[in-house]
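Colleague: Mind having a look at this structure? Questions to follow.
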């Protein structure tokens, strides 16, 4: 997509870089726009849907409903409910005939990604998805530099097991750079994770 | 699975039949057990998961959260929330590498299935799933006879369009019997819908 800003400058898709560099170079800055990772992914999934590329949604937040009022002539009101821990991942759907399943998390940590962002249920869910031929991964955002990585769930499982065997409770950023893939950040779509899927899976579809 | 009841009679998997007939024949009756369709499907999905056959879950009920209290030393309490209309279907997951997506509804009507059980969003979602190579269907239960049918979303779309073009607002039971497939009802799994998927799709997986 090519378009011009009102200032007459041609729009150029910026490479993935840290916000510091962006500021230094006075380029278009997508970082720190006050958007959460969830909002960016919802926008990305809407883009994919409207372009006819994929059908991927975030699942609703799981809630345990305890008390509901049914006032006359108006909608039911939930008066007491609690957040439940999800037993699966947040996002799933279909892309080129394949089942896509992922979780997205962010950290303010600059040098490593804490594994406490995940829980055992999710790790075993992701393993099951892979066993059944699905494509499973996590999207990890380092919010201090606005860098976003794609890590296959097989690698996440490896680091999870290392922790359970007494190893470190996080994945170092160097490890994420080695085993994961940097996701291009843009305007539309904001977080183009399917470009990574395309490069790493064969579709006969 | 073969086992004997305490009365020494051999267990025989009953064919799908109406509860009236079951009662008349004095056979094992699974109908009217006080289980909802949702409970039966959750049990079925757990069975599939534990047998390593498929990874399919019901999505959480979508809720718009308005007010949350954070009491000291205890869990956050949602004090005001509203039910939202789902934009997709209730169930999805992966089976033999394929994306599975379905909605389940029941009616007390004996001779037809009212289309008001669905809404436009869901119909268009199901179309998109099919366009992307997913397997999409609805599970329809006639609660008065405890008969359960599998209807491909392509057929549901056809009847939906007929309604929008001024035709009847329901699918007659005869049509469901003609275009759909009767789902075997059992003990484990209760609603073996994947047996229908197996018979109607080719998996190279």
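Placed from the backbone N, Cα and C atoms, the Cβ positions cover glycine too.
The annotation Mg(2+) binding site is assigned in TrEMBL to A:88, A:90, A:103, A:122. Per TrEMBL, the feature site 'Transition state stabilizer' maps to A:105.
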Colleague: Other than A:88, A:90, A:103, A:122, which residues of the chain come within 8 Å of the Mg(2+) site, judged by Cβ distance to the Cβ centroid of those residues?
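Modeller: The answer, listed by sequence position, is A:86, A:89, A:91, A:101, A:102, A:125, A:126.
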Colleague: Count the Cβ atoms, other than its own, that fall within 10 Å of the Cβ of residue A:105 (site 'Transition state stabilizer'), considering every protein chain shown.
Modeller: 16
Colleague: Any idea what the Cα distance is from residue A:122 (Mg(2+) binding site) over to residue A:105 (site 'Transition state stabilizer'), rounded to a whole Å?
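Modeller: Residue A:122 (Mg(2+) binding site) and residue A:105 (site 'Transition state stabilizer') have their Cα atoms 13 Å apart.
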Colleague: Sorry to bug you, but what's the C-alpha spacing from residue A:105 (site 'Transition state stabilizer') to residue A:90 (Mg(2+) binding site), rounded to the closest Å?
Modeller: 10
Colleague: Measure from the Cβ of residue A:103 (Mg(2+) binding site) and count the other Cβ atoms within 10 Å, all protein chains considered.
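Modeller: Result for residue A:103 (Mg(2+) binding site): 23 neighbouring Cβ atoms inside 10 Å.
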Colleague: Long-range same-chain neighbours of residue A:88 (Mg(2+) binding site), Cβ under 8 Å, sequence gap at least 6?
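Modeller: Result: A:59, A:101, A:121, A:122, A:125.
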Colleague: So how many other Cβ atoms are close to residue A:122 (Mg(2+) binding site), meaning within 10 Å of its Cβ?
Modeller: 21
Colleague: Name the recorded positions, out of A:88, A:90, A:105, that lie close to chain B, meaning a Cβ-Cβ distance under 8 Å, keeping sequence order and answering 'none' if none do.
Modeller: A:88
Colleague: Once the DSSP letters are reduced so that anything not helix or strand counts as coil, what is residue A:122 (Mg(2+) binding site)?
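Modeller: Where residue A:122 (Mg(2+) binding site) sits, the three-state DSSP reduction gives helix.
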